[in-house]
Amino acid sequence: MKAQPKASHFIGGAFVEDKAGKPLPVIYPATDEEIASLYSATPGIIEAAYAAALKAQGEWAALKPVERGRILRRTAEILREKNRKLSKLETLDTGKALQETLVADAASAADALEFFGGIISGFNGEFVELGGSFAYTRREALGICVGIGAWNYPIQIAAWKSAPALAMGNAFIFKPSENTPLSALALAEAYKEAGLPDGLFNVVQGYGDVGAALVNHRLTAKVSLTGSVPTGRRIMAQAGEQLKHVTMELGGKSPLIVFDDADLESAIGGAMLGNFYSTGQVCSNGTRVFVHKNIRERFIERLVERTRKIRIGDPFDEATQMGPLISAAQRDKVLSYIKKGKAEGATLACGGGVPKLQGFDKGFFIEPTVFADVTDTMTIAREEIFGPVMSVLEFSDEDEVIARANDSEFGLAAGVFTADLSRGHHVIGQIKAGTCWINAYNLTPVEVPFGGYKQSGIGRENGIAALAHYSQIKTVYVEMGKVDSPY
């Protein structure tokens, strides 16, 4: 097969197989072709991963932070050296255009490893003077952390979660999405090549039952999930029973607000980036595009013109700008939302169908879609679609659009396009969302935290904040005089 790995799992520094597990076929979304055959983790595989992690974690945490950081930075170098190879693997696994995976996947993973490897030696506790005595705090590792990944950015998510965890001295067990299991194994090999001690980064494959087993395992100190809100609720409930630490990066239905003084081409570019990149399969996408009534017609006319020029096709052709959705089930789901949008009265401005592509008739492709005349109560304006479907809504004034933007159970992201930066800051200050942009959209440098409000999540990925989520604070009080006791 095109992308068959050495084995399904990576445990204790080596590939491991157990064919007693449930078969896990890997499908190339552009052709519906099976490119690899793996097996879901058995209880024995899961226990082996925990045994390896437990054995390695203590010595790793005892290393100087600068020594841990050096290995992470070397891993980043290896990923960059192998970027093209890894990008091709990610394109096979996800169907995303190679044009995109070359710059957004392994490259972002390398950025995370480099960032956390560089800052960990300066991530220290506090010193508090208390007169004749003093106190200090220590940031200590949690132990064994679990990451559960999504299928839109497999290697990026694996690195975004494991880099801060490992930097802090934890061991890590990662379960990729069953749809995209391959690149996490490649990341494990890169860690090994960089000198990461065996057992610190383990990959176990599987379906939801494997994820549940990891969450519920007695040795799991923390769970970090990237996934849907329903999955997040289940994992929160499971983790809560044992008071485990959690980070939840969940779904969104984010607003992107375009005022009438905005640079039109820039705003349209931001809206397209925030709806069509990765074939619309991005949790932070600004799928509710609020456009001021004064520029609505010009905005939609130019948006449709540019959207129709998006090149859909062979993901390995570097001129291709959009590949397929991840699966037939996901395409069917997106098409059902398009049907619902039309039925509820939205105007289909462009797209909405399945393109005919020579040689890719079995692929899970869909046209980038724009709806106009969308109202706040329509299903396509309320629910996360996770596909290339943009809803354009009209607004008249600032207070109105702020209220409408906030009228959602989600709060992952938001964007504002305006020439008036004072207004931009004011509006963003009123929006209930965790990750926001002014005159940009969906740019996520690893140096800054990423995460949401409300039903969109708990905790943060990236930035110094991520290190806090993979550590616990120990307070030490030091008495320099005699104990003052009433006894």
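Here the Cβ of each residue, glycine as well, is placed from N, Cα and C on the backbone.
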Swiss-Prot annotation, NAD(+) site containing GLY149, ALA150, TRP151, LYS175, PRO176, SER177, GLU178, SER228, VAL229, PRO230, THR231, CYS283, GLU384 - matching residue among GLY208, GLY251, GLY363: GLY251
Around the Cβ of GLU461 (active site, charge relay system), the count of other Cβ atoms that are within 10 Å: 24
10 Å Cα neighbourhood of GLY457 (K(+) 2 binding site): matching recorded positions from ILE27, ASP93, LYS161, GLU249, CYS283: GLU249
LEU243 (K(+) 2 binding site): tally of other CB atoms within 10 A of its CB: 7
Proximal residue to LYS161 (active site, charge relay system) among recorded positions ILE27, LEU243, CYS283 (C-alpha distance): CYS283
